[in-house]
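Peer 1: Quick paste from TrEMBL:
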{"type": "CROSSLNK", "residues": "Lys179", "note": "SUMO1 cross-link"}
{"type": "ACT_SITE", "residues": "Cys188", "note": "active site, glycyl thioester intermediate"}
{"type": "CROSSLNK", "residues": "Lys205", "note": "SUMO cross-link"}
{"type": "CROSSLNK", "residues": "Lys251", "note": "SUMO1 cross-link"}
{"type": "CROSSLNK", "residues": "Lys272", "note": "SUMO cross-link"}
{"type": "CROSSLNK", "residues": "Lys432", "note": "SUMO1 cross-link"}
{"type": "DOMAIN", "residues": "464-551", "note": "domain 'Ubiquitin/SUMO-activating enzyme ubiquitin-like'"}
{"type": "REGION", "residues": "561-658", "note": "region 'Disordered'"}
{"type": "DOMAIN", "residues": "561-653", "note": "domain 'SUMO-activating enzyme subunit 2 C-terminal'"}
{"type": "COMPBIAS", "residues": "597-610", "note": "compositional bias 'Acidic residues'"}
{"type": "COMPBIAS", "residues": "611-621", "note": "compositional bias 'Low complexity'"}
{"type": "CROSSLNK", "residues": "Lys639", "note": "SUMO cross-link"}
{"type": "COMPBIAS", "residues": "647-658", "note": "compositional bias 'Acidic residues'"}
Amino acid sequence: MRCYLDESYTIFSTIYANLIGLRKELADSLSSCRVLVVGAGGIGCELLKNLVLTGFKNIEVIDLDTIDVSNLNRQFLFQKKHVGKSKAQVAKESVLRFCPSANITAYHDSIMNPDYNVEFFRNFQLVMNALDNRAARNHVNRMCLAADIPLIESGTAGYLGQVTVIKKGQTECYECQPKPTQKTFPGCTIRNTPSEPIHCIVWAKYLFNQLFGEEDADQEVSPDTADPEVAWNPADAAARATASNKDGDIKRVSTKEWARSTGYDPVKLFNKVQLFKDDIMYLLTMDKLWKKRKAPLPLDWTEIHQLESSQEEAFGTGLKDQQVLGVQGYAQLFHRSVETLRSQLIEKGEGAELVWDKDDPPAMDFVTAAANLRMNVFSMNMKSRFDVKSMAGNIIPAIATTNAVIAGLIVLEALKTLNSDFDQCRTIFLNKQPNPRKKLLVPCALDPPNPNCYVCASKPEVTVKLNVHKTIVQALQDKILKEKFGMVAPDVQIEDGKGTILISSEEGETEANNNKFLSDFGIRNGSRLQADDFLQDYTLLVNLIHSEELEKDVEFEVVGDAPDKAPAPSVPEEGKNIANGNKDSAQPSTSSKAAAEDDDVLIVDSDEEPSSSTMEASPESSNRKRKHHDADTDATASKRKRLDQQPADDDEDIIALD
């Protein structure tokens, strides 16, 4: 910790030294220029404080979130009395207390709201990101490119951090290099053969949605009879299944429908369909699955509550959330949470749905209980509520000192940018440990734009392989254009000589097209689509390749030179233990189809200011344009290529992250 404090002190000493030597022109520009801060969380709080103390007077800050009690250990502009209030508004009020002369405007809103269009961004001389998610980063990146405004991007994860400067036409944009896609797990692993706690936690979140939230066919929790490992006859197995009684026959019906028919009875939910007894007994009939795995052990509600209470004591000491309960304890927690969630549904009225939130106690209790009971069934060590929340909420540990250091670096890069010293701007990495040259902070020269980038290239273009007879328009819009290519509200026309509008951002205009296949519109191998996002002032030409040979569960592939693939992360070789569940870490599935973590982590082997263009990257206008109205309102690592002049002992000096 001492080295981090020393480094933080050095950063702020440097800021002070720069302030003393500021040219009058630059000092004056700080008080007159307008800057936008996107995010008022861990980095954002430190950044706002630094900006006003440096001399910035006209600041606008936007953040959609409200203050949670878990923020208070590092977001020092907030106090307990502020819990539940707008982060942006409270940050403004707190900063004005020690710099009343500042002119600060706060927006409690999403930066992706169409009100914050290109003209809005052009009001600023500089934009600074203090975000925690990739979708918003992508969007701000595109808005700054469209407005031709410099952007300072930043991120932290635990003791690691980074800052970089993005300038249209001069540097790589945020999307120039590929990012690893969010970690996913094959459905058969989640439903049939979980081997890690994270598999059970994902299953429990799916179960919450199926019971209380919006049902999703891609989040099924019942046994997967189409599992390629299964070599049995389902009809024969059903006949052999012993989990059958008067009110519990195995029936493949909607999970929510069955739950409603029982009145959300916790005991029936526990014993019957989709949970810890009947479905597990059904899984046991899939003989081949358990030849090289430890078979699951069904749980019975009555048997659990006959256990001696002495066997059900919590393990561990400390806070309640950090204790691990016994099976009986988690069964009781399951019972209580189901009753609470049922009451919430009744209060909301007929047809109501709940939304899972890691900060909602009953929802978190349900996932904690269900996940741990499933871990027990599959012979895994159970987890505390604290651990489950961290994995279920994709929480990355936050360190206050890291945020302070990164915020200081942002201001230094901002001073260079506003002083027109762009040649002096750097990408700077904060490492967990000093490198062989005893440096924690490692600067890298900024890279030029990637000519193949599908965002900042002069004419962005991609090629997508899919099956035009199986891909519906809704999937093109949601999974390809929005999720993969980061559009907010795309308008799509077919380049067929007629200008056929396939997708419109105008509400209801092309809704009838949503469930039709692409082939229904004459789209075939070689067809071209023009996708416009008028909010982002962004146009993407999409070339389609028809293929009937995509892998199972793969709906589309991005092919060609566009930066669509990141190097696969190295996964430790699995042991050959026949036991199924003695793993306690939240590591990726060992399936070859599992993707990398959603943390943009890069490693280079030098502290010499290399250009990242020498390294292997790792992390992701139409003549019929119409006015846009609506829009939808963080460490896996891979090494970069070693520089020829780099000593062999300078390994893993730099880590970059989302």
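Cβ atoms here come from the backbone N, Cα and C positions, even for glycine.
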Peer 1: Take the C-alpha atoms of Lys432 (SUMO1 cross-link) and the residue listed as 'active site, glycyl thioester intermediate' and report the distance between them in angstrom, rounded.
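Peer 2: If we compare the Cα positions of Lys432 (SUMO1 cross-link) and the residue listed as 'active site, glycyl thioester intermediate', the gap is 37 Å.
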Peer 1: For the residue listed as 'active site, glycyl thioester intermediate' and Lys179 (SUMO1 cross-link), determine the Cα separation and express it in whole Å.
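Peer 2: Per the Cα atoms, the residue listed as 'active site, glycyl thioester intermediate' and Lys179 (SUMO1 cross-link) stand 26 Å apart.
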Peer 1: I need the most crowded of these recorded sites: Lys205, Lys432. Count other C-beta atoms within 10 angstroms of each C-beta and give me the top one.
Peer 2: Lys205
Peer 1: Where Lys179 (SUMO1 cross-link) and Lys205 (SUMO cross-link) are concerned, what is their Cα separation in Å, rounded?
Peer 2: 25
Peer 1: By DSSP, how many residues in the domain 'Ubiquitin/SUMO-activating enzyme ubiquitin-like' (464-551) are helix, how many strand, and how many coil?
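Peer 2: Taking each residue of the domain 'Ubiquitin/SUMO-activating enzyme ubiquitin-like' (464-551) in turn, the totals are 19 helix, 28 strand, 41 coil.
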Peer 1: If you count CB neighbours within 10 Å, which one among the recorded positions Lys179, Cys188 has the smallest count?
Peer 2: Cys188
Peer 1: Taking only the residues in the domain 'Ubiquitin/SUMO-activating enzyme ubiquitin-like' (464-551), give me the average pLDDT of this model.
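Peer 2: PLDDT averaged over the stretch: 93.
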